[in-house]
Amino acid sequence: MDYFNDNETASGFLGCMRDVWLDSHIVVPGLGLRSPANQLNVKQGCSDWDRCKENPCQNRGRCVKSGWRSFSCECHRPYEGEHCLDEHVAARFGSEDLESYAVFTVEDNPGDSNSVSMFVRTRRSQGLLLVLSNTTSQYLRVWLENGKVKVQINNFESLLGRETVSDGHFHLITVLVEPESLSLFMSAKSQGRVPIRSVLVQAGDAVHVGGLPDRHASLAFGGYFKGCIQDLRINSRRLQFYPVSVPVSSYQLQSLMKVTHGCTGDNSCTNNPCLHGGVCYSLWDDFTCSCPPNIAGQRCEEVRWCELSPCPSSAVCQAHTLGFECLVNVSLRSDSHIITYRGNGKIQRYLSSISMHFRTRQQNATLLHAERDSQFITISIHDGHLVLELQGEKQTSYVYIHSLDLVSDGQWHKADFSMDSPVLQSSRWRIVLDERWEKPSISFTSSGDLDFLREDVDIILGGLGPNSEGNFIGCLGSVEIGGLALPHYSEVEMNLPRPQEEQFLRTSGTPYFGCWGSNVCEPDPCQNEGVCEDLFDLFKCHCPSDWDGQRCEFTVDDCASNPCVHGACRAISSGYECSCDAGYTGRRCETEVDVCAHHKCSNGGTCLRGLKHYSCLCPRSTTGPFCRYPKLPVSFCGNERWNYSCFNGGNCSSVEDNCDCLPGFTGQW
């Protein structure tokens, strides 16, 4: 009797048996010397144990006990198998920048609730990941946009992730499509959710991975994907580029175009992208450069020129993208020569601006001049104001513009001259002084650019020419035309030549380096022990207290300022002296005298202030100017015909209209 079909495989019994007899002979157990030789993997006894204690699940798989002496492993993606040992093979797209893609066919009818998930590794910020389509349309698209995952449904509703995935690490991306909503997750972290119209996935639909057969259609979504995709799933069905050894439920692979096995990155060091002797080290789809000292940048493209000490000790090195400049101030005096420059014939940039730093006390002078045929530019000082004169090409107007503020104060000033609209062939010009961009001076007329200064034109600093009048006296700092410096040092005066291709070159002799004015305090202009202060081509005398004037040449009249407030001033050798009016005191008679401060009212008398004087208010028992005398009793005398009073203790008398006085007092009363 056949108990099993030909296609079925019976598994061995797992469990315990006892008292098994065959033909009156015990079969199980049969251990020991008398046991039959054909017993395999049979042990005496009937004990159970937890197989999960042996940690049979690999790669962080979770062991679950499932019956007697049995277990199962719940594997973390991208692992499969009984012990989580089988890893889904990653597929490499775009190796060596090849255009690659894969196509699968849906073989069931998942309906309108579906999950699409995959591991993605890339360093590209753009690229098509996956497209689900039927015979009429592409109803689900997933691609990278600026390093973030973007999903679109029915060519209408879309959702953009918040986190970047183009960092060269694996990221688990999950797109959850439900009947009325679309959700996006990255490593189980929500990236957003939007409402949608439902989509239906059916058997026969195509799944394009990494790109489309039509190259132009792929370009609309960032082009072909470059990177790795691993463990791609639609719901529980795997989309295997290269099958694993264990059987899994998968969709049929229809096409695999230039997709390679594994996730090996390109060797980015093949063509040695590192400059200036940098050593290239290959990373996954990237590289890093180990640069020599004084070199920086991802490709060692930035030479730190200033760390090579290319400038003389008196200069300050200023690094640029393509080179460096040595900054130093120069002095132009009455005995110095003008400084001339020319372009090196390699200037290609558009010249539409000039900037300069300067310092002077001249009211009228020429700072910069250049001319070619009918075109010219002059920057000068006129009556203390900065002036720009410019004549461009023949079809443009003459420009004259001056600054609002004075510049001949001996202080450093920065002037910026520029076209108001540099993209136009002709534009108004502006002056901005000391970076006060909110207060520009703008010309009324328009003129062209400064491209005529690129080559074969002498650019003069400090005057109009070798033998002209009105040369500049003062100091010049950095001067730039179109962002290119007019260097005060020549190439032979620097420790290293400037590497930048576009340059202006000094064609005249060596100027006076540093900023200094005339020695205005030698000989000392200040008289009478005044102290001279050098204010750059101007001096100031600090005079002793009794001297005045520009050179301390005048004695000081201390009474000229009327220092005595309430009194008369008299000059003395040490300054002045005040004779105060009555009622005032102090060095300048500024304090009013308190007349009661030292009053002489006695016996409790009260001081009453008056103008310049005071009086005493005496109590009843005293009298006199200072209340010094006692006030004696008063007697009232008289009859029906007359009456009178006797003062100071006097008594009534029998003599009519007379008083008997105490000793010391006389008079009728």
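Glycine too: its Cβ is placed from the backbone N, Cα and C atoms.
In sequence order, C57, N59, G61, G81, C84 constitute the residues six or more apart from C75 (disulfide bond) in its chain with CB-CB distances below 8 Å. Annotated disulfide bond per TrEMBL: C75-C84 (among others), in sequence order.
Feature annotation from TrEMBL assigns disulfide bond to C291-C300 (among others). Within 10 Å of the Cβ of C300 (disulfide bond) there are 20 other Cβ atoms, across all protein chains.
Long-range Cβ proximity for C552 (disulfide bond), meaning a same-chain Cβ under 8 A and a gap of 6 or more residues, is found for C526, Q527, N528, E529, G530, C541, C543, P544. If you look up TrEMBL, you'll see C543-C552 (among others) marked as disulfide bond.
According to TrEMBL, the disulfide bond annotation covers C559-C569 (among others). If you take the C-beta of C559 (disulfide bond) and look for same-chain residues 6 or more apart in sequence within under 8 angstroms, you find C569, R570, A571, Y576.
Summarising the annotation, TrEMBL assigns disulfide bond to C580-C589 (among others). Within the same chain, the residues at least 6 positions away from C589 (disulfide bond) whose Cβ sits under 8 Å from its Cβ are C564, V565, H566, G567, C578, C580, D581, listed in sequence order.
In this view, C618 (disulfide bond) is surrounded by 21 other Cβ atoms within 10 Å of its Cβ, with every protein chain counted. Summarising the annotation, TrEMBL assigns disulfide bond to C618-C627 (among others).
The domain 'EGF-like' feature in TrEMBL is assigned to 48-85 (among others). The list of residues near the domain 'EGF-like' (48-85) in space but at least 6 beyond its ends in sequence, with Cβ under 8 angstroms from a Cβ of it, reads 14-15, 119, 172, 230-231, 244-246, 248.
TrEMBL lists 91-263 (among others) with the feature domain 'Laminin G'.
Within its own chain, the domain 'EGF-like' (265-301) has Cβ neighbours under 8 Å at 95-97, 121-123, 168, 226-227, 307-308, counting only residues six or more beyond its boundaries. Under the heading domain 'EGF-like', TrEMBL lists 265-301 (among others).
Per TrEMBL, the feature domain 'Laminin G' maps to 329-515 (among others).
Proximity of distant same-chain residues to the domain 'EGF-like' (517-553), defined by a Cβ-Cβ separation under 8 Å and at least 6 residues beyond the stretch ends, is recorded for 331, 333, 359-361, 410, 473-475, 575. The domain 'EGF-like' feature in TrEMBL is assigned to 517-553 (among others).
Residues annotated as domain 'EGF-like' in TrEMBL: 555-590 (among others). Here the domain 'EGF-like' (555-590) returns a mean pLDDT of 83 for the predicted model.
Residues or ranges marked as domain 'EGF-like' in TrEMBL: 592-628 (among others). Sequence-distant neighbours of the domain 'EGF-like' (592-628) (same chain, 6+ residues past either end, Cβ-Cβ under 8 Å): 582-585.
Positions annotated as domain 'EGF-like' by TrEMBL: 633-668 (among others).
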Who sits close to C291 (disulfide bond): which same-chain residues at least 6 apart have their Cβ under 8 Å from its Cβ? C274, H276, G278, G297, C300
For C569 (disulfide bond), which of the three DSSP-derived states applies: helix, strand, or coil? strand
